[in-house]
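Below: one structure, written as structure tokens.
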Amino acid sequence: MVAACVAHCSRSFAAVLIRQGRITVDGQTRKPGYVVKSGEQISGTIPPADTPAFLPEAIPLEILYEDDELLVVNKSPGIVVHPAPGHSGGTLANALMHHCPDLQGISGGLRPGIVHRLDKDTSGAMVVAKTSRAMHHLAAQFKSRQVHKLYLALVYGNPLNEHGSIDLPIGRHPVARKRMSVHSRVPRPALTLWQVREHFAGLSLLELDIRTGRTHQIRVHCKAIGHPVVGDPLYSRRGLKRQLTQVAPLIAQVVEPVQRQMLHARQLQIRHPLDDRRLIVEAPLPFDMDEVLRKLRMNSR
């Protein structure tokens, strides 16, 4: 509850404060997992959390587009977007600061110029503001849902239809707090449009158009319709690979080594902050996902 209501307060930091008695419920100390009842009052003081060191780092960037106002990068899988506890370095933000030192003053803190994010193991197109004007303009586009984002996801199973929509609210999982769920106690609207791009034995390549930007939206929605993303450590059941082996052993061999979710932000459409022209940027697939799809196509002939 505390972490959800207070900006920049993580769950672990909130738990420490609760155990220390610095946050109370009706004046009484409670355990971090205590469920607040209607009418009870939470009170306390949230001290500033320690800020991890943040330095420019010479990390290679794949730049898809750049001008004086913004740049679009093709984020590699496995890289965290910005520093956080446990990831003080080696992030996309560190790389951006090295590429463009002036970003330090754009949005400040640990997210210089970063308007949106992708999960650590999701690859693809991300836009970064290089000026305050671009930051405000892009942030407004995301808030008003004017940004168009297309993703590719390799999923388990073969949908009965060739296209469809998933209109299921998403919120924090009621028990597993690192996960999101369509069965949350406090859900927010979430809409995903999808269509099948390729069929394989026991697998499908989907193109997904997200109309909202909820955490883990595609991963949660794909699981909700019974087609979780291949390699997803949070939302894909272990038994799916075993089931695939029984149905299509050669296909199963291709995806057996996969260690991360096969999800890629392939296209980003925005309005340019300077002249409002539509800017469409395509992001090539990373090597691992491209190689998996190449092998699947070979085994499907």
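Heads up, the Cβ atoms here are built off N, Cα and C, so glycines get one too.
Caution: TrEMBL annotation is automatic and unverified by curators.
Sequence annotations record features per position, and here TrEMBL assigns active site to Asp119. Asp119 (active site) falls outside any helix or strand according to DSSP and counts as coil. Over all protein chains present, the Cβ of Asp119 (active site) has 19 other Cβ atoms lying within 10 Å.
The domain 'RNA-binding S4' annotation in TrEMBL covers 9-42. Residue counts of the domain 'RNA-binding S4' (9-42) by helix, strand and coil are 9 helix, 5 strand, 20 coil (DSSP-based).
Among the features that TrEMBL reports, domain 'Pseudouridine synthase RsuA/RluA-like' is placed at 70-223.
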